[in-house]
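Remarks on the structure that follows.
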């Protein structure tokens, strides 16, 4: 039996984009910082890292599709923060963003990590953006790094 898994180390030549929504920027800025930190700590070259900003989480799938279609990137780390309010808006935005991101990843068969927070309140978002629950941006980039390695291994 063979166990195949990705390594948490970049070669240093991977071109990566961090796609981030600006809405709830107090949270998403911290997620982005965590992702950038992880990229650098695990051998990424800052010159090969692009930050792409969109207005909100609903716009993430369209721009992710454009980034993957361009074939400019080896992978994309997608970040955002959708916080539940008093209307069903949260449900619509989170469902469509999630479906759209997964759809683009499968359409192009490219490594994409999902770091879009969906929380019931601002406190939960803050916890996941660098306090009690760690930084989910850092975790999303870690996932992307492993995916990049695993895809390269499976490619042969």
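Heads up, the Cβ atoms here are built off N, Cα and C, so glycines get one too.
Taking a C-beta cut-off of under 8 angstroms and a sequence separation of 6 or more, residue 89 (active site, proton donor) has no same-chain neighbours. DSSP gives residue 89 (active site, proton donor) a helix state. The active site, proton donor annotation in Swiss-Prot covers 89.
Mapped onto three states, the DSSP output places residue 57 (5-amino-6-(D-ribitylamino)uracil binding site) in helix. Other Cβ atoms within 10 Å of the Cβ of residue 57 (5-amino-6-(D-ribitylamino)uracil binding site), summed over all protein chains shown, number 29. Look at Swiss-Prot and you will find 23, 57, 58, 59, 81, 82, 83, 114 tagged as 5-amino-6-(D-ribitylamino)uracil binding site.
Long-range Cβ proximity for residue 87 ((2S)-2-hydroxy-3-oxobutyl phosphate binding site), meaning a same-chain Cβ under 8 A and a gap of 6 or more residues, is found for none. Per Swiss-Prot, (2S)-2-hydroxy-3-oxobutyl phosphate binding site is recorded for 86, 87, 128.
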- Looking at 5-amino-6-(D-ribitylamino)uracil and its recorded binding residues 23, 57, 58, 59, 81, 82, 83, 114, figure out the farthest C-alpha pair and report it in angstrom, whole number. 17
- DSSP says residue 23 (5-amino-6-(D-ribitylamino)uracil binding site), in three-state terms, is coil
- Item | Rounded Cα separation (Å) that holds between residue 81 (5-amino-6-(D-ribitylamino)uracil binding site) and residue 128 ((2S)-2-hydroxy-3-oxobutyl phosphate binding site) | 10
- Tell me whether residue 114 (5-amino-6-(D-ribitylamino)uracil binding site) sits in a helix, a strand or coil according to DSSP. strand
- Pairwise C-alpha maximum, in angstrom, for the residues (86, 87, 128) that bind (2S)-2-hydroxy-3-oxobutyl phosphate according to the record: 23
